[in-house]
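Copied over from Swiss-Prot:
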REGION    1-22  region 'Disordered'
MOD_RES   Ala2  N-acetylalanine
SITE      Asn181  site 'Transition state stabilizer'
BINDING   Lys204, Glu207, Gly257, Ser258, Thr259, Glu260, Val261, Gly262, Gln361, Glu411  NAD(+) binding site
ACT_SITE  Glu280  active site, proton acceptor
ACT_SITE  Cys314  active site, nucleophile
Amino acid sequence: MATANGAVENGQPDRKPPALPRPIRNLEVKFTKIFINNEWHESKSGKKFATCNPSTREQICEVEEGDKPDVDKAVEAAQVAFQRGSPWRRLDALSRGRLLHQLADLVERDRATLAALETMDTGKPFLHAFFIDLEGCIRTLRYFAGWADKIQGKTIPTDDNVVCFTRHEPIGVCGAITPWNFPLLMLVWKLAPALCCGNTMVLKPAEQTPLTALYLGSLIKEAGFPPGVVNIVPGFGPTVGAAISSHPQINKIAFTGSTEVGKLVKEAASRSNLKRVTLELGGKNPCIVCADADLDLAVECAHQGVFFNQGQCCTAASRVFVEEQVYSEFVRRSVEYAKKRPVGDPFDVKTEQGPQIDQKQFDKILELIESGKKEGAKLECGGSAMEDKGLFIKPTVFSEVTDNMRIAKEEIFGPVQPILKFKSIEEVIKRANSTDYGLTAAVFTKNLDKALKLASALESGTVWINCYNALYAQAPFGGFKMSGNGRELGEYALAEYTEVKTVTIKLGDKNP
């Protein structure tokens, strides 16, 4: 995602981006059915559910509502596609990579359409959907396409007359449950490495945001993937999500979402067939600003770090620790940034903040804002909803926040910036680590020794130094503690989608 340091999520910073097209406001939704075996199906139950535009609260369309029988049908298709001798299994690794490249080409071709669908369904600014979400999808697909024919085992030295080596083989049918904050991007983070390694998939998009996943199904067929390799079942967590998590013929599941639901997914996986689990869960991420930091950079990065995507990021800079010498100035500048942040119509290219995803999330954020006021934090700006029919909340900044306040402990997932004060490095390390989460952290300092000390001491899967949200397809991403298990992206993701097999051969005793 774009930040003040020039990094782009899942990409290289030196690539010239395409021109921003005119957004398509009233896009016709073509794909609303369940995608199994490269065909479109109605749900077994005949039920449908509505997906709505959070900017207007108006219904976009109705989507087929999957349930356990639909998941069973999808798993059966994925099993058949994975059988030895199937068209998918007969493909060599280079051809698998070529298919992923073809899918990336199609996503790039339809980039404006996918970005418009994402904006309609999530309320995120079209500017961000086009340049960040879709850019990340394309780069992730191309990155793992390149890995397809480079997954290798090792030769292991043993005794004389014995040859021992390892093979990295696909797991089989993999499930994926994706969130509503980055619907297509989080799907691609799972799909690309799984297909690169030769697996088949059953996917459940978030019920709030199913449209880009279903559109991708049409591109998967167009790219030439054999039937059954990718299957997409829209529906709800307690039905489709539970069926995928507990299905005895699904061998691995990847989930991105809340820690609460992640626990349920892992429990269901263990109680069924001990399927392998990758979890990318919540975060209460510390952003540490030292007195010697470049304050302009720190203020801008912390601002983007918490307000990007309406604050609906697992990586959000939701605890900003500022050294006391620069605390007042940091707060002053942060308030200036927040007051100037453009909030409104996500199809307006000047907009940087759209609505929250739904009424439930909207109400939760406002309740946490009220808790901050009641518990003694100083409201510097914002603190209420916008006067609009959509689910918009004013960018909110709190100062004089203490560690025991709810806004400093709970994942807000909204446009709220709590700013805390610290006196020493040892103090801020202890306070930053005093959470059940451990997804990301950031440090702003000009002192290399201090930066490396903090990077080593912070209990987080990712630590950014003098930047924020600098995510790349090449670099692994995942959490410590209750922020999850396993890693997505980078070479490390390949291990999540392969089984290691040891082959040992006893040679004859006779000399040649």
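Every residue gets a Cβ built from N, Cα and C, even glycine.
Here the features listed in Swiss-Prot are placed on the structure.
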residue : record                             : CB count, 10 Å
Asn181  : site 'Transition state stabilizer' : 25
Lys204  : NAD(+) binding site                : 31
Gly257  : NAD(+) binding site                : 24
Thr259  : NAD(+) binding site                : 19
Val261  : NAD(+) binding site                : 19
Glu280  : active site, proton acceptor       : 26
Cys314  : active site, nucleophile           : 28
Gln361  : NAD(+) binding site                : 23
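Among the recorded positions listed here, namely Asn181, Glu280, Cys314, Asn181 has its C-alpha nearest to that of Gln361 (NAD(+) binding site).
Spatial neighbours are here defined as Cα atoms within 10 angstroms of one another, and by that definition the neighbours of the residue listed as 'active site, proton acceptor' among the recorded positions Asn181, Gly257, Thr259, Val261, Cys314 are Gly257, Thr259, Cys314. Here the CA atom of Asn181 (site 'Transition state stabilizer') lies 15 Å from the CA atom of Val261 (NAD(+) binding site). The recorded positions close to Asn181 (site 'Transition state stabilizer'), defined as a CA atom within 10 A of its CA, are Cys314 out of Lys204, Thr259, Cys314. The shortest Cα-Cα distance between Cys314 (active site, nucleophile) and any of the binding-site residues Lys204, Gly257, Thr259 is the one to Gly257.
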